[in-house]
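For 1-29, the entry in TrEMBL reads region 'Disordered'. The compositional bias 'Basic and acidic residues' annotation in TrEMBL covers 17-26. The transmembrane segment annotation in TrEMBL covers 29-50, 88-106, 112-134, 146-164, 196-219, 226-247, 293-312, 402-425.
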Amino acid sequence: MSRPPEPSDAADASDADAERESDRSRPTAGARAVLASGILLGVVMLAVLLTDRRHMLAANFEVYRVAAETALAGGNFYDVAPERFPEFYYLYPPITIVPFLPFAAVGRWSGFLVHTALEIALALSLAALIARWIERHRPLAALDRALIAGFVVASIHSVPSLVYGQVNLRMALSVGVGLFLLERAVADDDSRLEGVAGVALGAAALLKVFPAAVGVWLLRLRAWRAVGAATATGLGGLALGAVAFGLDRTRTFFFEALLPRSDGEAFVGGLDPVAPYVTVRRPLSVLVDLEPTALSAVAAIGLLVPLGFVYAGPLETPVDRLVAAHATVLAVFVFFPSFPLYYVIAFATLLPLLYLLEDPAVRGLFLGGAGLANLAITAGTLEDVAAATPPAVGEPLLAIGTPILTLATPMLVGCLLMLAGCILYRFRRSGRSPE
């Protein structure tokens with residue numbers, strides 16, 4: 001005979017039923033709309049790139065391949081450029097050339113296909129990690145998992161990297177792995193995972209440098225093992241590059257490839273509206289006349305103040321920490337003069353929040369911001385559209401749109417809306433017990 005249920009059993013069952021009902025009631029339409037629109041715009045972007053800009057197909061990959069050939073020959077791979085793109089040079093630390101060395105043994109297009117397949121595989125790995133992150137807190141339907149995978153691989157933010165043969169998706173994966181493992185380390189009090197998280201974040205910084213600024217999140221968490229591991233990964237990679245390719249190559253990287261890329265002079269007198277950069281320095285350069293160093297300082301202060309507010313409260317729940325991590329990534333992205341295709345570094349924190357945020361106002365800011373960020377439009381885009389339309393349409397479009405895009409692009413506004421959402425989340429969480 002079965003025993004009657006104990007009161008504790010009934011309570012547990014009731015709690016489980018309530019949790020499942022809460023999961024089912026969480027809105028997903030907004031998240032699905034953001035992801036679907038990003039994928040649709042990605043298809044449009046792919047069509048545009050393969051028609052109007054097909055000469056740029058495999059442009060970055062060709063730079064990597066030519067640099068790899070030169071490295072194997074013992075030459076200075078910072079001093080060579082592909083014949084098709086004589087103005088494009090290798091710009092990453094010396095040790096990062098190693099993964100490209102095998103491509104020197106194959107043809108341009110066969111190598112590009114392999115490289116693209118590898119980047120897609122890495123992007124799918126990131127999508128799987130994001131889905132796993134979400135499913136630690138709520139279930140996902142098959143449609144949502146498909147949309148997440150489609151967005152990471154084929155959205156308007158990812159397609160240019162694949163077409164050009166870039167390495168931004170592997171950078172996004174490194175950032176995603178680092179932040180996911182860091183959250184696991186904090187939640188499970190696992191110092192081993194903290195160290196691995198630091199290695200992943202250090203690898204992202206070694207590749208593109210600017211992700212090193214995500215380290216402020218490690219400092220906020222007092223994740224000292226992660227800080228040490230990230231630092232060791234970066235410095236170790238530079239040291240290995242010096243050993244493998246000589247100190248001259250390392251000097252060349254710093255003084256000829258890295259430091260000249262500051263682009264500070266581009267902001268003097270206001271950033272050109274055609275410039276693709278997504279950064280708070282764009283509106284600042286238009287509104288105030290500052291030297292590049294002062295402009296950078298004002299931009300840093302303007303972002304550190306809201307980030308400090310988000311950091312100030314207790315980070316008691318996984319969503320608390322996810323919001324703060326996303327605020328960090330957004331601040332890093334819009335502080336530097338970032339190309340739109342670098343937005344992929346925000347995938348690992350953005351997509352979980354689209355599914356996990358419950359506060360309607362906060363969620364609205366995130367959905368609106370993420371939707372706007374899908375519009376990778378600059379004044380240059382507007383000029384292309386105007387050129388393809390009758391003067392009666394194109395001229396008013398330029399007259400109205402150019403001043404707006406001179407001040408801010410939709411992607412920048414979207415990022416700032418999401419940052420405002422992070423601030424509102426922290427404000428509303430203050431004084432509220434953990435959920």
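Keep in mind that glycine also has a Cβ here, set from the backbone N, Cα and C atoms.
Where the annotation comes from TrEMBL, it is an automatic prediction and has not been curated.
Here the transmembrane segment (196-219) touches the transmembrane segment (88-106). Their Cβ atoms form 3 or more pairs under 8 Å, with each pair 6 or more residues apart. Taking every recorded stretch in 146-164, 226-247, 402-425 and counting its Cβ pairs under 8 Å to the transmembrane segment (293-312), the highest total belongs to 402-425. Remote same-chain residues near the transmembrane segment (112-134) are listed as 57-58, 61-62, 64, 103, 106, 140, 144-145, 148-149, 151-153, 158, 161-162, 165-167, 169-170, 172-173, 176-177, 180, 183, 347-348, 351-352, 355-356 (criterion: CB distance under 8 Å, separation of at least six residues from the stretch ends).
Sequence-distant contacts of the transmembrane segment (29-50) (same chain, six or more residues past either end, CB-CB distance under 8 Å): 56-57, 143-144, 147-148, 150-151, 154-160, 163, 351, 354-355, 363, 367, 370-371, 374-376.
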